[in-house]
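To keep things clear, I will list the structure first and then write my remarks on it.
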Amino acid sequence: MFDIHTVEIEWAGRPLKLETGKIARQADGAVMATYGETVVLATVVSAKSPKPGQDFFPLTVNYQEKTYAAGKIPGGYFKREGRPSEKETLVSRLIDRPIRPLFPEGYKNDTQVVVTVIQHDLENDPDILSMVATSAALTLSGVPFMGPIGGARVGYINGEYVLNPHLDEMDESSLDLVVAGTQEAVLMVESEAKELSEDVMLGAVMFGHRGFQPVIDAIIKLAEVAAKEPRDFQPEDHSALEAEMLSIAEGELRTAYKNTQKAERYAAVDAVKAKVKAHFFPEGVEPKYSAEVIGAVFKHLQAKIVRWNILDTKSRIDGRDLSTVRAIVSEVGVLPRTHGSSLFTRGETQAIVVATLGTGEDEQYVDSLTGMYKERFLLHYNFPPYSVGETGRMGSPGRREIGHGKLAWRAVRPMLPTAEQFPYTLRVVSEITESNGSSSMATVCGTSLALMDAGVPLAKPVAGIAMGLIKEDERFAVLSDILGDEDHLGDMDFKVAGTDGGITALQMDIKIEGITEEIMNVALNQAKGGRLHILGEMAKAISESRGQLGEFAPRIEVMNIPVDKIREVIGSGGKVIREIVEKTGAKINIEDDGTVKIASSSGKEIEAARKWIHSIVAEPEVGQIYEGTVVKTADFGAFVNFFGARDGLVHISQLASERVAKTQDVVKEGDKVWVKLLGFDERGKVRLSMKVVDQATGQELAAKKDDAAE
């Protein structure tokens, strides 16, 4: 019934198994991949023909984690997996980026990749395995795909590169780098690092590329016995059309792209496009080509013209040379009632970034396959349509916004103080108000400025820059701080963020083969120069964190209480802690280890809550004087509440220096009195004295010390 084919290899010390022919047989390609004991199912389905009028390649990648994979039931009211989590969205993008360039130009059939995590051993992250399984499924499917690709994670522990480190090893690693590519070339890099040099980062990329070669060999071996017949796809040849269009439009397009003003340049290009359309769609004559074909070829021609201009003249669309960064204006404190804010403008790219400080109860709970954890640093990136002068949908963030926000998050996180050093939850929101290239890197710069403005003690300021690379035969040009128009025409786009001491995040997408290690090294070092320049411009606004928090930011005081006292502070059903919060106005968060965080914008509220909690958990000291309230009187003395919920007896002989006949002659219930703790009797009962304390001042009466001790 089943025609099963399997290939197994040992990879980075663990078995990797790829199997096809048993599961999901109606998909064009399906592979069950196992690494250690983590299992994913990758499927590929591609329509047999494109939709009429389709002018782009509709590729969708859906990565999904099933909670049963880790023996869990979804949390929340509905016990079913819902909308994609942030990780699912990010891994979907991670798989998409290296496979998209390997589909032939002109292939426009609707294609969907679905990757499902069906078992997780809590040791091997499913993202790398998902990339490998997708590559195998595409290679077997018969869909035109110029793969296979491999992928690997690289760690850097104790000065050594580690291939596919276990999840628990990543805590010790100063690098988390994912690299994917073919046998000959690197196609994609995504990473977070703790201030590593360009050489170490590039070394990690090449180490990973070498590391996944056995995986590519295994996929090829499986394809030799299990691959379907390749589909007959011949991309349309538009070389004659392109040559004809070039003869009409080359001169005017070159002139248009010498215009350094974006709006004027766009108008000039539109005029050339109108001229081209008039040539190919004469009135009263049946056109030889469709509007979609003319549009696609014209777009291709635009890219060629810009590339030729840059390589020939070493001058960019906006008049800059290859390494110049656009003019930068950095401002902080632009929204004075917020906790921290900045406005970062680089050319026609601009971001308003706002930092908000919160308490422990503001932390984000994340329910992952590996377990529930709390995230104390949140970064949200918003890209409204007006930022590029367009109308569009507004609503929940798309994949691009989530991906850009995560890149900025990775860039800044290594410089944040620990929770012990700075016990605040941090939320940063980046509102992109203008965009013409590299809004994610503007977010990195703006986030660094806003956090420093808020008084967050960053180890160092962080800046980011977007780079491009154009290569024609042996000639190449590396572009610093690319424009939106330059973003898609390059052969390598990469974004580098870091401090003056090293790289904290690197994202790289390479679209062609032939980008050598030497070329990447040149590009990374040019990016370093740009990053240092941007850091210098940012320092004109603020160069280090403010010494104090903003006026409207909450203050947090941390105290530690014995673990066995936590129950007393919380009270039955939370009664005590609710009362403290209601009466003092402070927010209180108690950790399982006895760490108590008290937060309020008012120092008085914090102090009131701290004293209250201290009175509950602390033990009264013998010989100390306390203020108390008489709660009960008796013939033999008065009971005084003097230390939180603690009561003690003032014997009738200790009420006053003279002889007292009746307790009520000296005190009544509700009276405020000063008492000294004399000690405890043999049954542990508290012994108090009023007569040794001046009831007007609360000071001890020295002359009476000996009497009280009797």
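Residue 1 is the first one shown; counting continues down the chain.
Glycine too: its Cβ is placed from the backbone N, Cα and C atoms.
Copied over from Swiss-Prot, here are the features:
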type: BINDING; residues: Asp487, Asp493; note: Mg(2+) binding site
type: DOMAIN; residues: 554-613; note: domain 'KH'
type: DOMAIN; residues: 623-691; note: domain 'S1 motif'
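Neighbour counts were taken at the CB atom with a 10 A radius for the binding-site residues Asp487, Asp493; the maximum falls on Asp493. Looking only at the domain 'KH' (554-613), the predicted model's pLDDT averages out at 90. Under DSSP, the residues of the domain 'KH' (554-613) split into helix, strand and coil as follows: 32 helix, 16 strand, 12 coil. Within the domain 'S1 motif' (623-691), the DSSP-based counts of helix, strand and coil residues read 6 helix, 36 strand, 27 coil.
In three-state terms derived from DSSP, Asp487 (Mg(2+) binding site) belongs to a helical segment.
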